[in-house]
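A.B. asks: Pulled these features from TrEMBL for this protein:
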- A:19-422: domain 'Aldehyde dehydrogenase' (DOMAIN)
- A:209: active site (ACT_SITE)
- A:243: active site (ACT_SITE)
């Protein structure tokens, strides 16, 4: 077991208790803030090398959003760490009943390549804030960022408590043989199953942030230019390599016709007449992924874009029209700059289409009629939902971010990350005196004692008329 | 097996029809459960007596009272629990609707245990129904009378398609676990917990595992020993020690060991009289297998009190062991029986180290007049939950989450936590289709001015 030594070293640090004081956690978090500030340039460069990530995007997702999370955590940590006192029943009125937030111990964070800093750093913020020791496993596919993280993070964080492990599938498999106290995984559903199976051997709780095909329904009553812009922005951000990107569009035939020029207009507005020359459009991360995404182009007909350049791993912002549910682009999560449009007759058909498929990480619905948006929300299920825009719901630190069913289990962001990495321990601190009050619960049991117990323990219903 | 698949498919179709979602429906089902508990109280108590030799008042207070309380709580609070929760907005979303929606997960599975066979099915079921799910209920086959009763009663009171009961043993449960559920709540032991989680992993099904372990009980020299020992005796020998949060073993200074024994002996006399076997308030071990297992733990031990047994009736007398070695068999596995080992510790530091060398338990108990010492033990150990200066009681405070950590489990339930366990918290942002001006800041082409803004 090649990682046994590392894990037991971290476990020894954990048992020493050094990660528990608030001052320690704050100091480590502030060091992470310095990492983001001082290594900003290196981060922008590494992500540019890895997938041609435009610096505007890299700054927004890898630096800005991370600093938001950091600041929310630093501002609120002392409050989050406090014992949460709870309501008591009659028999415990004079006692102290509270929930104590405790670190789990040694936790593992496995991150993917598409937002390679953000997707390990934001969980890491919560893990440190909650008082754990952490092993970070960045993705080997975004190799420049992996190298950056492996070399630089140790200059900022306490190396006895936080370590970076690099490597591919084999190394990750060996790493998962060890016992962790929590595992946080972001990636595909198939690897999610492998991670959870490995976790089951040690009864390790997990959070799995997975994916799926996020549908985007556009109703016939909508502001076409605004819809086009918001959809284009969400789809082509990071060249489509976003777990919450709108994966495919559902709309009527008329709307498909109306949208097409607006989509074309938005793409040109954003990326110019030749997106390959725009500094604001990314590239596919690797050759294997490039081949996979390119194969999906044989679906429906290419209405906009479709050009590719293998040397650069460039795929143009592409809209596919008249796509059939049986086409390649509708069989897997696209994770590339291709937006298929599937024509449906109406909203009901769109909702049935969505519900016939595995529950996605996000669902989008566009309409000027708020009733339509609410109908889609109420009649479907997904990790999260955004009406009349794409992606934006995950920029709010007050909303939980996570999947359901095949798109994942658990949630994070903001306080939810802190809670994810904390054990909520129910505590009751009773009085040693007043033993007479306990007498009714002791044997020998009598009907009279039972009557007394019932009176003191029971939760009474308030009048039913006030309920509905 | 085919029947099982058919039952689950029917539950899923019933869930997909949407009828379990309106609050009125859920409350009506919960009201029906309440009627069931009230109308069939005699039958429920009879089944519990047949399975565990539990007396009427005992069974009522352990299994029925709690269930009625949870039902009342759920029916009262459901509208507020299920209401969309608005959350804090940022500058960009000031004019938008931002909230968390609580939604049912779908078809969930509840696997019960045999030691509190009624409440360990009912309490999760209440939360699952309140959250709007369809529920497949699998009571433990070991407590066979209660299992049969649950299988008979639930279809008489609840929607038959949405809430089917599946009975059977290991082969049936294994088959059940190959099917896809949207959440599984399992109560039982860690070994089976791993099997349940591995099966759930195949479908990416989230799980709540209420497992067990050895719940330590530290008695400080500075405490009212008579009171402490009475409370410990109550919690230890309740249900003949077959309680997941029973104080499993005692840690105390050698100088008070014999006093502890004397106090417990006196309390046992008070509770069960001279002849424990004839007390109607003392239960029996659930079956011969567990009887033999527990008797085996007594080998080579110093029996300070008790030790008598009668295999025919699965009776084991309340037993205390002294000067127990940490390496002995009785200190390796969860006892789950009326045997109380005392391991002597020279200091609270030693006790804390002892506890921390072992798997995290479901519960932890500490008795002391010194509040600082209690706070110290809490801060320097970890456990699912804990009670200071008493035992078991943290599990009846409705607003405390009840669950394990590490080997003692994952997830929590009771009260509001049951509702949340069986719900999906869906993040929702509803924007205006107008006000595009604000969005222009985020669109390409990117520029430093935009970033600085």
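Each Cβ is built from the backbone N, Cα and C atoms, and glycine gets one as well.
Nobody curates TrEMBL annotations by hand; they come from automatic prediction.
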A.B. asks: Please report the distance from the Cα of residue A:209 (active site) to the Cα of residue A:243 (active site), rounded to the nearest angstrom.
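C.D. replies: About 9 Å separate the Cα atoms of these two residues.
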A.B. asks: Hey, does DSSP put residue A:243 (active site) in a helix, a strand, or just coil?
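C.D. replies: Looking at the DSSP assignment, residue A:243 (active site) belongs to neither helix nor strand, so coil.
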A.B. asks: Restricting to the chain of residue A:243 (active site) and a gap of 6 or more, list residues whose Cβ falls under 8 Å of its Cβ, or answer none.
C.D. replies: A:114, A:186, A:209, A:210, A:211, A:361
A.B. asks: Could you give the mean pLDDT over the domain 'Aldehyde dehydrogenase' (A:19-422), rounded to a whole number?
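C.D. replies: Averaging the confidence scores along the domain 'Aldehyde dehydrogenase' (A:19-422) gives 97.
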A.B. asks: Using DSSP and collapsing to three states, where does residue A:209 (active site) fall: helix, strand or coil?
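C.D. replies: The residue in question, residue A:209 (active site), is strand (DSSP, three-state).
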